[in-house]
Amino acid sequence: MEGPVLTLGLLAALAVCGSWGLNEEERLIRHLFQEKGYNKELRPVAHKEESVDVALALTLSNLISLKEVEETLTTNVWIEHGWTDNRLKWNAEEFGNISVLRLPPDMVWLPEIVLENNNDGSFQISYSCNVLVYHYGFVYWLPPAIFRSSCPISVTYFPFDWQNCSLKFSSLKYTAKEITLSLKQDAKENRTYPVEWIIIDPEGFTENGEWEIVHRPARVNVDPRAPLDSPSRQDITFYLIIRRKPLFYIINILVPCVLISFMVNLVFYLPADSGEKTSVAISVLLAQSVFLLLISKRLPATSMAIPLIGKFLLFGMVLVTMVVVICVIVLNIHFRTPSTHVLSEGVKKLFLETLPELLHMSRPAEDGPSPGALVRRSSSLGYISKAEEYFLLKSRSDLMFEKQSERHGLARRLTTARRPPASSEQAQQELFNELKPAVDGANFIVNHMRDQNNYNEEKDSWNRVARTVDRLCLFVVTPVMVVGTAWIFLQGVYNQPPPQPFPGDPYSYNVQDKRFI
């Protein structure tokens, strides 16, 4: 009898020692997953008609970037899951007062919540951290993730725009009959409230340098028209309404564009003889084309709207093109001559009298004789009459050799002076015959100079018409440029996000305005 008794006692002692070799967590895990027969493929419900309540919350750690060309929002978040699994309950006193158990996520049932509007084809969470299981059956999972979600970009008011991006979560594995999605609930002063916003921890949040978060609401969307077994029946969407910080684009794009566009007004100050009027205008046009090309690389290739900066550049390019045409017309007017064009009286009155007065242009001084010139002209008549008498009294030989005789000391002429003609008519006829070639030559010179003066005056009139057109276009183009620029950019300045996240809903969806249940 002693042998069997000793054997049984030894076996009992070995069993006790084996149980003592396991720690409390290992014993608890064996109890939950082996002894109770836990199956992670089955939903944690007692009846198949029941649904599992899954609560979600989103904590934003960093808004990494928003790529407009790809229409992709990249965020660093922590997505918080919470549900109850009655199969994972235990009595903490029986297992060394263990109230929380940390398990790998592949050991328990998961609701398989995925990001529907992802933009990289990765639906699952890349890093699977441990799941916290509490002794009363509550399961808590907080995995980190970097999501690349699609965000339709509205480029209408770029760079004074704001965007409404969202992260839409749902379960692609279970329908609305099997799980019920809801927002996480917190408690304050014994009152509970749903967390209807994206959580941001000020200490752990990194602010984005380009975008400012204006609203961050969260909402459970249920489509009553969709059947219960449809994946589109329910979802939880976290919205990010963000506003662009335009300082970078103002300094690097807008200010250079505006300055270059306004340089085209200097074309009207350049004289036409410089030959650089069209060159300056075309240079401005090329610079605007380069800026338009740079901006097109920053925005998505969409035909839904034209960005604000694109509107300004197109407006400027059209205006500069018109300035180039005006420069060609001004140069054509400036280099006109009386031999090719006739300056009509109507054009003279409009461009040489009316418009210069309205545009406050200084008129050139009239080419009239000065008072001194008039005195000299009147006194010259006496010299001419004395010269005529002198020529009448002197013979031709005396006139020809008068200087030579004085040079050789001959004070007396060898020939007798010619006497004046007997009659005045004969004298006048002789004088007329002698002076006619000189008078004809003088008349030819005077007529030629008069024609040349008229030619130059009319050419100067064409130049003045060109200057008047330049000044008129300066007074027209400058206000058009200023008003057009102000009208275009004021649209963006007054383009502000709505005061509330959802139109028609007065609730602000922020932590300061909790809705207690």
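Every residue, even glycine, has its Cβ placed from backbone N, Cα and C.
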Point to revise | Annotated N-linked glycosylation site residue, as Swiss-Prot has it, among Asn97, Asn190 | key: Asn97
**Study point:** Spatial separation of Cys151 (disulfide bond) from Asn164 (N-linked glycosylation site) - C-alpha basis, Å
**Key:** 8
Study note, to complete from the structure: As a whole number of Å, the Cα atom of Cys165 (disulfide bond) is distant from the Cα atom of Asn97 (N-linked glycosylation site) by 46
Review point. Which residues, given as numbers and ranges, are at least 6 beyond the ends of the transmembrane segment (472-490) yet have a Cβ under 8 Å from it?
Key: 160, 254, 258, 261-262, 264-265, 268-269, 308, 311-312, 315-316, 319, 322-323, 326, 330, 355, 359
Practice item. Write down the Cα-Cα distance for Asn97 (N-linked glycosylation site) and Cys151 (disulfide bond), rounded and given in Å. Key: 48
